[in-house]
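TrEMBL has this to say about the protein:
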REGION    1-71  region 'Disordered'
DOMAIN    90-330  domain 'Anoctamin dimerisation'
REGION    114-135  region 'Disordered'
DOMAIN    333-920  domain 'Anoctamin transmembrane'
TRANSMEM  344-371  transmembrane segment
TRANSMEM  420-436  transmembrane segment
TRANSMEM  509-538  transmembrane segment
TRANSMEM  558-580  transmembrane segment
TRANSMEM  601-618  transmembrane segment
TRANSMEM  726-753  transmembrane segment
TRANSMEM  787-806  transmembrane segment
TRANSMEM  876-898  transmembrane segment
Amino acid sequence: MSQKKAPEKPTGNHTSVEMEMADMVGKPLGGPGTQPTKPVRKKSSESMTSDPDLYYSVEDLRSEPPPGEPVSNRIRPMLGQGKHEAGALFFKDGYRRIDYVLAFPVPRRKHPVKVEHKPEDDSSAFHPEGEDQKVRRRREFEKNLIEAGLDLERDDETKDHGMCFVRLHAPWKVLSQYAEILKIKMPTKKIYELKERTGIKAKAYALWRKTIKPLQPSPQAKQVDKEPYKHISYTFSRDKEHMFHIESRETFFKPSTRSLVVHEILKRTRYSQKDYAIGITNLIAQGVYTAAYPLHEGEFEGDTDIPPNPRQMLFDEWGSYSKFVKFQPLNLIRNYFGEKIGMYFAWLGLYTKLLIPSSLVGLIVFLYGVFTMDDNVPSDEVCEAYNITMCPLCDRECKYWRLSDSCKSAKFSHLFDNEVTVFFSIFMSLWATWFLENWKRKQMELNYAWDLSGFEEEEEQPRPEYEARLVKHRIEQSDKTGQGYGSASGNAEDSGMGEEVKLPKKQTLFAVGVSSVTILTMFTVTLAAVFAVIMYRLSVASALAIYPNSGQIVSGTAVTLNLIVILILDEIYGSVAAFLTNLECPRTETEYEDKLIFKLFLLKFVNSYASIFYVAFFKGRFMGRPGQYIYAAPGLRMEECGPGGCLYELCIQLSIIMAGKQLIQNNVMEIGMPKLKKFLRECTCFGLCKERAERAEDKAGPRDTRWEEDLVLEPFSGLSPEYLEMIIQFGFVTIFVASFPLAPLLALVNNVLEIRLDARKFVQELRRPMAERAKDIGIWYNILKGITKISVIVNAFVIAITSNFIPRTVYQYMYSPDGSLHGFIDWSLSTFNVSDFEPGSEPRDNRSLGEVVQFCRYRDFRDAPWEAEPYKYNLAYWHIFAARLGFVICFQNFIIFLRDFIGYIIPDVPKELDEQIKKENKIMMDALIHEENVRQGEVEMDPEKEPL
């Protein structure tokens, strides 16, 4: 790498480096979705084409100009009134704010690398490059950033090895130009008074505000204007700059918007003349740069005597466990991290808040079961059934047992399988719809408050991996046709690059086919894992059959083993989903994210719920009957539900898996993994760890810079993992809630901690993400709607098939002589003659209960052995079957009707908000018409603001 040259002495106003850069800033920028123009090479500046070390830095700015030459007028307005600490968030001059940082390693070398500008061979695109090639691309990219209008400050590369940083600053001209291109809404000078509530509504609102005041964040962190008026926001326009509320150009655009603008420039800037040689993402993929990130706003912990920075406020108000009962400072989150991350935490906060009523109702249902446990007739009959002998639970080794032995299980089962279970299932189905409708309203409120109304996603640039695949395909095609790649793609227009170029359908279909087959294979792996746990349970239960209380040990270890398998497969499936999505090679980042999310959701949904679906709908359904059992393996018959029933086992399975996933995967992993990765990164960060250690030993020396401290933090990998864990939890809360009413309460406790853990992770452990705009939560809303619909069906079948609600109801209204549940247990058991056991399957000891057993009972609805057709399904079985089918149909249609009714009566946009939006639009339209008339000289400008 070449040594840095001293800047040449300017000889006149038109050849100075300072005036050269000022001219470059004025060059037009390409709009969104357009092909960026090639960098303009200035013939009047020999240094721009011959000196690869040239950059627009503070050294160039502060170099002494010739006598009489003024300082650039472009820089002076940015200097402001106060100078800031250099090395923190500003350039060395202390005035220009650092909006973005690029980092790259300087490898250890014996001799400096000589860099020369040579024509690049297009066929080498996206191939592993040497260090000299990286240096050339880096220089070309940075030179083009300067021509795009950015200010650069770069570290000295003459050190032996370590990390080098390039700091970027966007001046006002660039910010205003891209704010107009990106259609960013900013506050105008036009204000109007907010409408005040009157009458009873105002008193009720004031009482509500006073009630929740202790739960609100501090006024400083909340960042809400206290004035009774509001500045109307409008899409920024340089032609109408005088209409905007600009108190200071330095602070008009918040830091997240500044980083967004710089990121737009970074992803649209060329680094060579090749077709797809565009963007920082390509350069990071090729190893030219190792990282690109905006800076955090100082330390997250600091002196309390000075005003805290936004990062400290977030850590104190949002990441503090002591403030877990307070609402989140959403405006501060949005201003610091951007609308996309702010939208996620707004959704998570609303979801957590609405879990409170569902948790209370679930707790009431559970307490109802506790208080009515001693008065429940069926469980009392089980506890008093000393004379009912049950058939063995396995062949040969298992013994006959008394029904009264399952007294505790029957009592416990009543906690979750009682009369109000149906009511709670209906409530939770409607709650899910209510939550989604409330989120749509909240989303509209946020779109208005965050100036996202009318925001539309712009056309995205192709991903670098897609471009690489496309270039490789074109090279292969040119080799087959005998034409060079340069002739086929050297010019975008000649090669048809003006049109949409995509990968061949053959490659795309092949990748989709491989993905489909792989996903089906992963489903098979999940089912195999469930079957393996079943075989474990059967074999261990058979081996431990001679020991008392072995059933609880077997069930507990089996569920724990199942949880471990789920956690392991979750990690494997995450890698598989990423591999398959990369194989499909989607064109844009949005397509990539949607495909990855869909695969992750499918794989992890099946993995998380496969064993639960088995217990709910398959266990004990295909076991046969005494004398004609169905066997999973020789000597191991298909398992049946335990003495407490299938709903009891479903509750145990669901609670352990849900609690285990939330505790281990969502909390422990989120705390431990970022810290571990940060430690490893500090020790492998290209000599940066050594440099920081040397500075730490020299207490009088310079401190670590902000960009060095942020580099060792964990890179932000997107919101998909955060959303996915909450979506899986939402499934636990809604899909099987009929079997576990305490699921909402467990989710509520987890989410209260989850919000604070995520807050500390984002503020303390992660690099600051690039602020992205988003008006909704994207594909996740459709997934939530799908889970809501699935939950209605699943809960209907859980109540109809898994629980004893339908058999109890049929007995009470069709078979009970007095309309009560007395005699239900005896009615629900069938009789079996032990002489009809298949040879080799009868118990070894026929006198295990102290007497010879001639008949045993089992759970089913079949004719007795002395009937004309023994062991045939009796009439009660068909009555129950018809009642179950009728219940499922009625339950689903009733819930669908209520769900549609709720969606109809709850408008997507609150009435007051709708009126406010219309009023603002009218005021702004009148202001624009008035401004246009003033420009044409028809009326005089009224300097006074006229609030409504």
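Every residue gets a Cβ built from N, Cα and C, even glycine.
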Are the transmembrane segment (787-806) and the transmembrane segment (558-580) close, by which I mean at least 3 Cβ pairs under 8 Å that are 6+ residues apart in sequence? no
Rank 420-436, 509-538, 558-580, 601-618, 726-753 by Cβ pairs under 8 Å to the transmembrane segment (876-898) and hand me the top one. 420-436
Let me spell it out: take the transmembrane segment (601-618), skip the flanking residues so only those 6+ beyond its ends count, and list any with a Cβ under 8 Å from a Cβ in it. 519, 522-523, 526-527, 529-530, 533-534, 562, 566, 569-570, 573-574, 576-577, 646, 649-650, 653-654, 657, 661, 724, 727-728, 731, 735-736, 739, 783, 794, 797-798, 801-802
Across the domain 'Anoctamin dimerisation' (90-330), what does the mean pLDDT come to, as a whole number? 78
